[in-house]
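A.B. asks: Per TrEMBL, the features are:
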type	residues	note
DOMAIN	210-376	domain 'Helicase ATP-binding'
BINDING	435, 438, 475, 478	Zn(2+) 1 binding site
BINDING	444, 447, 462, 465	Zn(2+) 2 binding site
DOMAIN	470-637	domain 'Helicase C-terminal'
């Protein structure tokens, strides 16, 4: 009897074997119902064979096969199997992550049948006047004799459902169903709306991508803010749709604005489906099915839209490709941008990665000739670049985290009727320790990295070599006792600003204030109405939002980015600065950007301000190479959490010992830790980690695979919650 190897949504990296009774057949990628423990679960067939590691008489049988054909497209199936392996994540969790919730629950993987009422032969033949005692039944039968009535139109036609049911009992009417007809947009496809004339750079980019449309190619579209990247996307999509193919456009969660969607819908006379977290389960399934059967021409979506099946996909676009929200931070920690490149390669189609501030990994891939670079350097319209000011904080009487000169500037802009944005880094994230009077920063003497200040333990720790020291009582450089951790939280800032601007409405936009569904849209609408004059936000506020009345933007925590233990923080700061500098003072108003720092002479800061993001990226890549950091090496982090701050470091130390004793390990593997995570406590749990670094990605994968096979033999493994993060973006 055949054996189905079934993946279930459980945190175990294996499949489960079930017998397939003779009356059933199932292909890989089909859903089945199986007994699991004391209940029945929906599972996915990964393969079918005639063997099992268990005796066949001990196996339970599949209860029901739910699909005659796989619910995954061939390329998505290949992508998911590869990704489960690459990210070392349980196969069941990965396969279920890629399905709409209703399919995970076992609902039908096809469009619901369309039900309609019709008159039976008896209903057609009888004398309608014999129903005169029930006027509603008489009206209903008269309508049915004209032709069938779709069930969803009953109310519109003012026919009573109760009367139809009564006619059915008398044998005069009946219900029937048929599969919904597929809408083929290709027959009537056209382009509408305003088509901007492309400049030379845009036309060159569109031509280059179009010439490679029949095979895999990866294109970095690097365009300054306001240079017309969207117009390039639209022109590329026009070519793809004209060939009858479909398109996937991915945007960061925060960038999925009504304006973005409207631009695509206005341009094309073709169905545009949107996939995002705000959809209910049936809306999400409907959009997914329309992409799968070819009814949707364009799908616009956030991270998980990557797994949508298409009938004939022709191009993938990833807007703001540098954005950290493409990396999943809980559960299966995949990077949607990287998997999208894999998918494009698998489907042999082009992929466009668009950004004004490309990720260093992406620029590295251009250097390695894996990707092609297309530049857009001309800013649309006559927008003037913002005026830059760098405020040296050393020795200043800082109030509420703001220098006096910044408070004065804020008052000037607010009195002129404009708005102000204050940007901070992420809250409480890996602060360095510095002297406010002379700018001295606590630096590790063993390696040129900055110490991280751990508030709870009141000590300094190097997250590069793991050396520790107590917090000094006074500055070793100037003797001052004014030693402070870099950085301020958005909440603290909001409270501290109140007394300085008592009559000015303040709006704080960060993860805390926008977690409720619709909260972000509500706050942004308030800003556009002019209700909030001062906006406090983290990086999420910089993404794609156009605030015409904002003329002053201040980046308050520059030092927190330049001196963080997280080696990516300088890159994130440079991206944030470049994005916001492009947003200050559009629509004919002169904008100003203010940066506060104790180190105005910092080389990366000077390069960024005077030579721009491209020069900064060159310098940052050179620094990463000299320190052997990604993209020149590969990282895997294993994090563990506990409630008492004891088991997690003990488990990770046991894991380190296991690694060091492994025959798979070579002298190029570098292990850091156990050390507290950069955010050492979250949700009441203490977090520790070890970092594995190796110059060879393939070799590191091999080492991790071999270690995971033994991890559950460790005594502490069952006492902690542990996760694995491949290619982490948070140190």
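The backbone N, Cα and C atoms fix where each Cβ goes, and this holds for glycine too.
Just so you know, TrEMBL annotations never went through curation; they're auto-generated.
Context for these features, please: burial, neighbours, distances.
C.D. replies: A C-beta separation below 8 Å, combined with a sequence spacing of at least six in one chain, links residue 438 (Zn(2+) 1 binding site) to 394, 475, 477, 478, 480. DSSP gives residue 438 (Zn(2+) 1 binding site) a coil state; it is part of no helix or strand.
Spatially close to residue 465 (Zn(2+) 2 binding site) yet at least six residues away along the chain are 444, 446, 447, 449, 672, judged by Cβ distances under 8 angstroms.
Mean model confidence of the domain 'Helicase C-terminal' (470-637) amounts to 83 (pLDDT, 0 to 100 scale).
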A.B. asks: Measuring Cα to Cα, tell me the gap between residue 435 (Zn(2+) 1 binding site) and residue 462 (Zn(2+) 2 binding site) in whole angstrom.
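C.D. replies: That separation, Cα to Cα, works out to 18 Å.
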A.B. asks: Given a separation of at least six residues and a C-beta threshold under 8 Å, show me what packs close to residue 462 (Zn(2+) 2 binding site) in the same chain.
C.D. replies: 444, 446, 447, 449, 451, 452, 468, 565
